[in-house]
Amino acid sequence: MSIINMTDLDLAGKRVLIRQDLNVPVKGGKVTSDARIKASLGTLKHALEAGAKVMVMSHLGRPTEGEYDSAFSLQPVVDYLNDVLECSVSLASDYLNGVDVKAGELVVLENVRFNVGEKKDDEALSKQYAALCDVYVMDAFGTAHRAQASTHGAGKFAPVACAGPLLAGELEALGKALHNPARPMLAIVGGSKVSTKLTVLESLSNKVDQLIVGGGIANTFIAATGNNVGKSLYEADLIPEANRLLAAAKDAGGNIPVPVDVVTGKEFSEQAQATLKAVSDVADDDMIFDIGPQTATELAELIKNAGTIVWNGPVGVFEFDQFGEGTKAIAMAIAQSNAFSIAGGGDTLAAVDKYGIEDKISYISTGGGAFLEFLEGKALPAVTMLEARGA
């Protein structure tokens, strides 16, 4: 990859515009989960300590483009940064014609999605962003799969475009896992729908030595093997695809393990009674909400022997404790493994957090959609742009 790294540049006295992913949950004007901001702090501190005039841009939520809405303002992020950084941090809401920023100061530019043309990668808006800086830094892996004015267009027209440490680290970790993995390589793909992750399953099935499916995705595979799934979430129209993937894995000398025991409930609620059953005993009015202990033990053994682990998606409804034992067992097996492990996706990160294994995962990806598209082998527009600018 011919990408320029921000850390290799002399930033002293330069106007540096950093696109970060500060799209954090806010309630009552306060940031309620600061993981993304914390992940971004290293980049900000490096630029500030290098003597740069630092501007940061990000989106927050999904406001109506072209309209200011205080509910989507980055002011709570500015308040947070003022508490944790030792420099002046201010918010600029009218910035397209220029920003007054001094060396060692930080100016946060108001939500880019308030600007008309942001989502469409508008060329005129991109050029306005680019004119604000001497150096454009793309550091938001979570939005690298979107070709938008702040993530893509601005970098095309800026005098210099480079990758920030967060983005560079993410690409390096994912590249290590996918392009030169320690074997055996194992991928866990969970979540609710096969349809949204079918291309991921297909792409990974050609790369990994062992594919594990969980959640609603596993229900479709259970149905494909001729078992009743009752009222469980599954996709009947994708049973042929599941059978094709099962057959392909077998032809390659491997297999996709289908749960042998499951935990069921009669309703989707925190109060639902959990019942352990053999997969062949699921009743018509049952809903499968987790894998059973025998399945969890078998999967944990596969995880224990892996050289590389990619984890995207829980294997059960872990938000409800009675249906969380399967995901907990998977999480603990990954934590105890000596493999190089990567976890990504919102629900996965919530599980990592719930079971307290953050420091046992080799790399935690900040991207959701971008993480999946990278796993699929798709080119990420922001990365392609940085490669072109670095050539």
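Each residue, glycine too, has its Cβ placed from N, Cα and C.
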Additional site residue, R15, R146 [criterion: listed by Swiss-Prot with D21, L22, N23, R36, H59, L60, G61, R62, R113 for substrate]: R146
Residue from E172, E319, E325, E358 that Swiss-Prot also lists as binding ATP with K197, G345, G346, D347, T348: E319
Tertiary neighbours of D347 (ATP binding site) (same chain, Cβ under 8 Å, six or more apart): G190, G191, G313, P314
When distances run from the Cα of G61 (substrate binding site) to each of the binding-site residues K197, E319, G345, G346, T348, the nearest one: G346
Around the Cβ of R113 (substrate binding site), the count of other Cβ atoms that are within 10 Å: 24
Cβ-Cβ distance under 8 Å to T348 (ATP binding site), same chain, at least six residues away: G190, W311, N312, G313, P314
Number of other Cβ atoms within 10 Å of the Cβ of H59 (substrate binding site) across all protein chains: 25
